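This report refers to the structure that appears directly beneath it.
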Amino acid sequence: MPIPIIAHIAQFKYEHLITHWAQYTKAAIAVSTIAAFKFWTSGRTTTWERKMNGMVVMVTGGSSGIGQVVVEKLASLGAQVVILLRTEPDQFTVDYIMDLRKRTKNQLIYTEVCDLSSMLSVRKFATKWIDCTPIRRLDMIVLCSGVLLPPFMDRQTTEEGVELQWATNFLGPYQLLRILRPVIYGQPGHREVRIVAATCSSYILGNIDFNDLDLSNHPYPRKSPWKVVGNAKLALMTYLYDFQKKAEAHERPDKMPCNLHTIMANPGVVRTPGFRRVVSFGKVWGLFLYLLLWPFWWLLLKGTIHGAQSFFHAICSPEFASITQPVLVNECSIVEYSRKEITDPEFAEKLIKAADAQIDEVEKQYKKKKIKKSKK
């Protein structure tokens, strides 16, 4: 009985295929075209893997988006991961960390409070990190944190009065690396240290005014907030390039060569929570429109896993161990800088001087407020 039934079904499908072969061919071509286009828009993937057991990696922006994918990758490779959070972890974050430890079979995943938009929070964390004898191990710093405000939103400032995007995208990471410099320099000569920082193509639009870094005295570009992000990314890339050069010029007590490698990774346009906030204009109706256009976003843009491939490449590829120049990675390949200011030492010195002055002013104002509160 089963054999005649199977024969009947096979014959029916065969006849149906012959009758409607044109429709099936068109459908197959359409599906293949969409799949090929999606494969192209997803970008390149890295094939490198790396054993990171025993390594200590510090990650900013590791609680969502690309940073979250990077944290999971590092944990799966066996690294001890320190995730820097803006606030004390809530129950959701605690559950996520516990689940991540279970999935990756790695118990060495921790969180620390370090709000990159607050210079005082960064100083408190970084000072605590370096206040240790012997020097704490630190193999890698991955800077994934970033803020991009939606268009037509008013200027947002931190509690310390600094423009939010400038503080989070540049001034906070700058403060962190500036204070952690002794720890980075103090690592054993045989230990390779990497700094991997997120950037984006908006750095090409950067136009930094050293007398007004966060545009506090200029009209805020409500229609194009990415210009502020462009300033921050240009500043960060310039500082990282200078940071690497000064590390190479630093003479170690053991006379060994510099083993620091700085890589800036451009993930491209990725469907992250930050992107969703920007294209939805931070509104409920915008979010509804974003959901309606989801097939369009899915087809054209990368997911977080594909967006993180350049980070995976920067973390795992052995080619960077032999490169002494700070490099920019896009689609898992080293590319040239589009702004000559990044490699200009005079531009870097002006930037560092202005950033130091801004941080000093922020900390000075905080001390004044603290004294006033204590007198009340």
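In case you wondered, yes, glycine gets a Cβ from its N, Cα and C as well.
Record features (Swiss-Prot):
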{"type": "ACT_SITE", "residues": "K233", "note": "active site, lowers pKa of active site Tyr"}
{"type": "BINDING", "residues": "I66, D115, R178, K233, V270, T272", "note": "NADP(+) binding site"}
{"type": "TOPO_DOM", "residues": "1-280", "note": "topological domain 'Lumenal'"}
{"type": "TOPO_DOM", "residues": "302-376", "note": "topological domain 'Cytoplasmic'"}
{"type": "TRANSMEM", "residues": "281-301", "note": "transmembrane segment"}
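Minimal Cβ crowding within 10 Å, among the binding-site residues I66, V270, is found at V270.
When the alpha carbons of D115 (NADP(+) binding site) and K233 (active site, lowers pKa of active site Tyr) are compared, the span between them is 18 angstrom. Cα spacing between T272 (NADP(+) binding site) and K233 (active site, lowers pKa of active site Tyr): 18 Å, rounded to the nearest whole number. Within the set of recorded positions (R178, K233), the lowest number of other Cβ atoms found within 10 Å of a Cβ is recorded at R178. Helix, strand and coil content of the topological domain 'Cytoplasmic' (302-376), in residues and according to DSSP, is 52 helix, 8 strand, 15 coil.
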